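The following features are taken from Swiss-Prot:
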- ILE60, GLY61, ASP82, GLU83, THR90, TRP91, ASP102, VAL103, TYR108, VAL152, MET491: FAD binding site (BINDING)
- ARG376: site 'Transition state stabilizer' (SITE)
Amino acid sequence: MDLEAVREKYRQERDKRGVGRTYQFARGDFSRYARDPYTERREREPLTDEVDVAVVGAGIGGLLTGARLREETGLERIRLIDEAGDVGGTWYWNRFPGVRCDVESYVYMPLLEEIGTIPTEKYSTGPEIFAHLQRIAHRYGLYRDALFQTTVTELRWDEAAARWLVSTDRGDLFRARYVAMSIGLMHRPKLPGLPGLETFAGHSFHTSRWDFGYTGGDSTGGLTGLKDKRVGVIGTGSTTVQLAPHLAEWAERLYIFQRTPAAVDVRGNRPTPPGWADGLDAGWQQRRMENFHALTSGIPQDEDLVQDRWTQTTAELATAILPTGDTGGDPKERALAAERADFRKMEELRARIDSVVTDPATAAALKPYYRVYCKRPCFHDGYLQTFNRPNVTLVDTQGQGVERLTASGVVANGREYPVDCLIFATGYEHEFAVPYTERAGYDIVGRGGVRLSEKWAQGAHTLHGLQVHGFPNCFILSKVQAGRHVNIAYMLGEQTRHLAHIVKCVEERGHRVVEASEAGEKEWVEEILRLASGDLDFLENCTPGLYNNEGDPGGLPLLNSSYGGGSVEFVNILRRWREAGDLAGLELR
């Protein structure tokens, strides 16, 4: 292959898109796009009681926090707080037709052995995952003290009482010995920052707030309300890849507006074979999770237990592309080998498009020209076929994006496309780019009145991404200064295991307060900065998108990076820390 020619093509695709696009957050005049369409609001009286633990966020991270604390500490009163109408997090909000996990269900859905659940498919539907998360909440008694349809407005530390004061938009003011925040990655929807956004007179909504009252149907399809409708979708990421076949089946006309094409590989979904679980030994899920984690981090294993496109593709590329801490061999030769392997994989995906899409011009427009991990890979067995339907039009904007909206439609490439319904598949506020407290919607006031928004004004400061000096009995679950991996649920499982261990130590040793020491925090921050710039060159050569801050990776604070030594090493750091038993880097009082 002519590697320089490949690089030049990728550069052209990057450069014609410029540096990113602007977004409009779903707040203020656009807050309707973030309202809950699924659960009718219920009124209640404010609470002024006390709990052992307040957990902000009732998604996978919040549920695992509650479950681990129940298992490890025996703490009785654990209160989940969420603005949604139930547990589930992203699986509560995302109910769009076709929604599924893109990581194998057997390694993604947490606590399968503990709950006694076996997923019905290799890649479960959103409703199946949501129901499983509800079962977790029931099993561990997490509904009992939960507050739904409730937004935290402030967390404030009371030093004399060694308690957190939790204020909410319902007038609650209650106390908690510990607080844990797990606000998630897909917490707040964002819209494209388009001229005319406020003037569009048709029906519109964000995919994470799906309006089934308008479209009809449910998460499995059956969108009968779209039979006579012209529908537009802005965005071609993983949501649209799953959604498009259902829209195409029911809409009179479907326009898919594309800035950058997705890289779509085979999904290969299948039902769980009868009796599959009968031969599984105790501990099977953790072993399977760790096997997947290692393979997708470039660490060879004796066996590939998952055997999907994540493991088959990522295992070939990850050693050279991802920061695993393995520095063996000539770095330049490793990089070249990785680049060649990357090109071969992307050529495979581009060839698949030619084999499926019948119109040559449409096929050409759907081809992604960037490296594998510039964007999260997509997997689907029906998306590309959608573009063979006569009622579907791909509006490729040549990397420029939609120009503007009018009262009746969407303008792209100088042409107006009239639509009755406009669906925004434009993602969420990004945790690396949007300040934590802004994305959370509240500030955290620690010892001496210091606000987290002030302490983190130039970027995060933590120990292991979990605890912050000056904020006692407080835990934050995120990817910032912590491990990052394609299986987010696994990483949350490891973080919450660590959190519960720390709380257990505090309780067993008779202390009231635990926090990161100043020295412990400083040492971890130095390690984050030392490793933070490792993937900047890679990201700078990607087309603009979520991972590279819309083409400006250098514009993100390095302090907000994930741990640069790889997620496997991050998990090992936490395990070695627990095994040492000396609680290094913490202060207990």
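Just so you know, glycine gets a Cβ as well, placed from its N, Cα and C.
Small disclaimer: the values here were computed from a predicted structure and weren't measured.
A map of Swiss-Prot features onto the structure.
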residue: ILE60; record: FAD binding site; CB count, 10 Å: 28
residue: ASP82; record: FAD binding site; CB count, 10 Å: 26
residue: THR90; record: FAD binding site; CB count, 10 Å: 21
residue: ASP102; record: FAD binding site; CB count, 10 Å: 20
residue: TYR108; record: FAD binding site; CB count, 10 Å: 22
residue: ARG376; record: site 'Transition state stabilizer'; CB count, 10 Å: 14
residue: MET491; record: FAD binding site; CB count, 10 Å: 23
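The two recorded residues ILE60 (FAD binding site) and ARG376 (site 'Transition state stabilizer') have their Cα atoms spaced 20 Å from each other. Between the C-alpha atoms of ASP82 (FAD binding site) and ARG376 (site 'Transition state stabilizer'), the distance comes to 27 Å.
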